[in-house]
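> According to Swiss-Prot, the protein carries these features:
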- 1-15: signal peptide (SIGNAL)
- S23: phosphoserine (MOD_RES)
- T26: phosphothreonine (MOD_RES)
- S28: phosphoserine (MOD_RES)
- S30: phosphoserine (MOD_RES)
- S31: phosphoserine (MOD_RES)
Amino acid sequence: MKVFILACLVALALARETTFTVSSETDSISSEESVEHINEQKLQKVNLMGQLQAEDVLQAKVHSSIQSQPQAFPYAQAQTISCNPVPQNIQPIAQPPVVPSLGPVISPELESFLKAKATILPKHKQMPLLNSETVLRLINSQIPSLASLANLHLPQSLVQLLAQVVQAFPQTHLVSSQTQLSLPQSKVLYFLQQVAPFLPQDMSVQDLLQYLELLNPTVQFPATPQHSVSV
């Protein structure tokens, strides 16, 4: 029994020694780590201080080099330019008199060219003036006559009907005595010559006028009493 108690005491003593050694070792390790961390911080501070000092030295060199260079534009040492006043007794420069131009100046070459052109090219002939007799002859050649209706080989009743329509227009003759029909009658007669072959034989004057107004509304046909024409 005593032996067992002694063994327990020895074991407890050994356990205490091991815990003490372990704690001491951990304390030493933590102290070493803290020392290393402190050393690293010191090194970083030293490096930062060295960089700041190097930058300060560089800036000082640059500033000193800028101050040592001479100024490109020394305005302070610039001398004033002397300006002598112009004397008032100087006469103005004489200018040539201005002659007003009366028109474009033609060169001798252009004048000779125009003269040569006038001699080579013939002048245009003037158109003769038309007198009243010439105009009347031209109009008379274009105005149809009542005899032209008979040349269309129409029935006698239709020819008489067309003649009545022509005679219903006002008798406003031209100046010349050779014309037998007025201008309105000539227009109607020309129009009747175009439509006469297509008209029926038994037709009153009123029906014919209405038919002609439908064909040509631009011509104003006079109103005549309604009666038929027999052969």
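Residue numbers in this text run from 1 along the chain shown.
Cβ coordinates are placed from backbone N, Cα and C, and glycine is handled just like the others.
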> Please classify the secondary structure at S30 (phosphoserine) using three-state DSSP.
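The three-state answer is helix.
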> According to DSSP, which of helix, strand or coil covers S23 (phosphoserine)?
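DSSP call for S23 (phosphoserine): helix.
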> What's the number of neighbouring CB atoms sitting within 10 A of the CB on S23 (phosphoserine)?
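Counting Cβ neighbours of S23 (phosphoserine) within 10 Å gives 10.
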> Using a Cβ-Cβ cut-off under 8 angstroms and a sequence gap of six or more, which residues of the chain neighbour S31 (phosphoserine)?
none
> Among all protein chains shown, how many Cβ atoms are found within 10 Å of the Cβ of S30 (phosphoserine), not counting that one?
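Around S30 (phosphoserine), other Cβ atoms within 10 Å: 10.
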> S28 (phosphoserine) has how many other Cβ neighbours within 10 Å of its own Cβ?
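Total other Cβ atoms inside 10 Å, all chains included: 10.
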